[in-house]
Each structure stands twice: as structure tokens, then as C-alpha cells.
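Report on one structure; see the data block that follows.
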Amino acid sequence: MNTPLASLHDIEIAARGCLSSMAYEYVSGGAGDECTLGWNERDWNSIRLRQRVLVDVAELDTSVSLLGRTLSHPILLAPTAYHKLIHADGEVATARGASEAGAPMIMSSFSNSPIEDVARATTAPFWFQLYVQPDREFTKALVQRVEAAGCEALCLTVDTPVLGARYRETRTGFHLPDGLTRANLEGMTQVAADAAHRPPEGAIYSAVLEPRLTWKDVEWLRSIATVPVLLKGIMDPDDARLAVQHGASGVIVSNHGARNLDTVPSTAMALPHVVDAIDGRVPVLVDGGIRRGTDVLKALALGASSVLIGRPYLYGLAVDGAAGVSRVVRTLRTELEMAMALTGRTSVSAIDRSVLWA
Ligand SMILES: Cc1cc2nc3c(=O)[nH]c(=O)nc-3n(C[C@H](O)[C@H](O)[C@H](O)COP(=O)(O)O)c2cc1C
Ligand SMILES: CC(C)CC(=O)C(=O)O
């Protein structure tokens, strides 16, 4: 009898056997000595919950409102690159799974499927993650293209002017296999859509990342975009305040899944500081190491409006395509419901810092 895939950890273990070692190391790896990678999961675990009893929890409501939309639960799919490394149907399968589970998908600039195919496959709201390209005219055309496809928000990734020291990619010789491209970057004038994202040995600048990005570009992006712009990769309270000053519609507390700067704090540690700095002016989302419904509850308790998951749904995609993605989200949502019932909170608005053991 096959062991049932009960938790997200079970799915992660199963995924390893479904992926090439290059794909597995690319997805699972972090930067440097992977200190932050460990902390991202561990720090959610080390926050203790207060169990409360004798509350009527026969009806639970996990819905949240985000950027004017009501979502049935607060779990979104973080942008991740290259889904065809994981599954032949790539981002189209992910979009189907996300829709099935009612989870908004944030599509990566570096998807292998074009935005229009993903838009057609989805019935849930979808957002687009932007890696601003050195060619600003191309970037502007890309923004207009994703808006025309129906994307409801842009997440500008601000934490990756260069990549971190990802030695698992070096050791496995990471490359895009023949036939896979960054489909949304086709037609870019200066760089091929299948150019390596990794710089040559000894160099740090990538052909498809923009090291010159500054706060001025946030204003530029807002001036050309017709949808809300969120900043993804805010870890510092001072940057959080600057984000609001520069008109961001939201921030995502993220250390890029611990893939860039090793030894930055976990997002569980950074979140309350960013929430305090933002002071309710715009929504704060968080990702990094969320693997349990209790982690989602803790993030909401610390002031997050919603959470994003990255690696877990890629493992679901590897194991069972769209159904695997949907299963991961549904498992997390069910665990969140259990955690709400066992802490005596019947709605997301009733989850605050008093859920946490002081
Ligand atoms: C394989 C992989 C690819 C990623 N690609 C992108 C990307 O294209 N753009 C981006 O902003 N973040 C990217 N990220 C970071 C995720 O959006 C997210 O911040 C991170 O995965 C959250 O941590 P978790 O994997 O522990 O849930 C990627 C992460 C992984 C694991
Ligand atoms: C190609 C990479 C820059 C995509 C990414 O953001 C990641 O792998 O973390």
C-alpha cells in the first residue's frame, strides 16, 4: 500500500523522487550555508500558540479581503520561475490547480508558459511578478501585455539586483533544458529568452536582472501601471516606510525563500517589525517557510493580511500536476481551520497577537 500524502512534508519527500536532481536542487536550495533557509521554517515552529476552549467553533470563516477582492482563504501562490522543469504542462497546470483551490496565483516573469495561456487556464484572480529588465521599453510593453491579459496586481521584486551564492545550482550545473524559454521575455531586443540567469563564474550580474533598480523605478512603474503595485522582498522597517512613501499598494515580507542573502532573519522574525512600521496603511503579506496551517495562523496573528507559499506547491506540481497544487493549498487551508477552531477564533478578523503565547 502506498503511504498517503497527508502533510506538505510528505508531498515534499515524494517530490524528490519525481524531479531531476538539477530541478530538485534548484527548487529546494537556498543561498550560502542555508542558515536562513533553516530559520524560515524553524522560527514559525518556535512561536507558541495559546489554546483556548469552550468557544462555539461550529462555523468558521477563513475568508479575507485583499485589494478590494474577497478571497475564500488567505493563501496565495508565490511567484516561482520555470514550472516546465517540474511538470510538462508548466504554469498552465499550476494555474488550474490554483483555481481549483481558490488561490490567487502570482505568475513569475520567468515562467515557461506565456501569460495569455495561464490567464486562459485560471478562474481565480492572478497577479504578475515583475523582474524589471534593463530594457525599460521592453518592461513597459510587458506590463501592458500582462494587464491586457487580466492580471489584477503587479508584484515588483525588489530583493534581487543580483543572485545570492546558490551553490546547489553551481554544483548541478543549472541550465534551462533545450526548448524551455522564459516565454514572456520572447522578443526582448537585447537578451535571448533562454539566456542563463546565472552569471559566468566570477561575475555577479545577470543578463535578466536589473542591478540599477531604485526607488525612482517604483514611481516609474506606478506611472505606467493601471493595477496596484506591491513590493516583494521588504524585510526592513525603514524600507517598509519608504515603500508607502513611494506609493506601494502593499508589501510582501520576503527573503526570497532564503535564496539570496544568507543570514538575514527569517520572515517570521521580520514580519512584526514591518507590520508596525506600515501601521495599517497598506496590506502586508508574508512568505518563507510556511508549511503548516499553524504557520498561517501565526502570520495572520502577527499582522499579515495573507500568506504566500513557494516550494510546497512546486512539490505538489511535481507529484501530481494541477491536482497536486490544489491538494497542497487545500491541506494548508484545512490545517488553518483546525488551528482556528483549537485557538477559539472563528474568523480571520478575530486572529490577533493574543493568539500567541506571550
Ligand atoms: C524555485 C523557486 C523559484 C523562484 N522564483 C521566483 C521568481 O521568479 N520571482 C520571485 O520574485 N521570487 C521567486 N522565488 C521566491 C518565491 O516567490 C518566494 O519568495 C519563496 O519561495 C517563499 O518561500 P518558501 O519557498 O519557503 O515558501 C522563487 C522561489 C523558488 C523556490
Ligand atoms: C531565475 C531566478 C532569478 C528566479 C528566482 O527568483 C529564483 O530562482 O529564486
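Numbering starts at 1 and runs along the chain as it is shown here.
Glycine is treated like the rest: Cβ placed from N, Cα and C.
Values in this document were obtained by computation on a predicted structure and should not be read as measured data.
When the candidates Arg96, Arg166, Arg222 are compared with the glyoxylate site entry in TrEMBL, which names Tyr26, Tyr131, His256, Arg259, the shared residue is Arg166. Remark: Arg166 (glyoxylate binding site) has Gly29, Gly30, Ala31, Arg198, Arg259 as non-local neighbours, by Cβ distance under 8 Å and separation of at least 6 in sequence. Within the same chain, residues at least six positions away from Arg291 (FMN binding site) with a Cβ under 8 Å of its Cβ are Leu8, His9, Glu41, Trp44, Pro312. Checked against Lys232 (FMN binding site) by C-alpha proximity, the binding-site residues Tyr26, Tyr131, His256 yield His256 as the nearest. Filtering Arg166, Arg291, Arg311 by Cβ distance to ligand 1 (under 6 A) retains the following binding-site residues: Arg311.
With a cut-off of under 6 Å between the Cβ and any atom of ligand 2, the binding-site residues Tyr26, Ala81, Lys232, Arg259, Gly289, Arg311 reduce to Ala81, Arg259. When the binding-site residues Pro79, Gln129, Asp287, Gly289, Arg311 are ranked by how far their Cα is from the Cα of Tyr26 (glyoxylate binding site), Arg311 comes first. Between the C-alpha atoms of Arg311 (FMN binding site) and Tyr131 (glyoxylate binding site), the distance comes to 19 Å.
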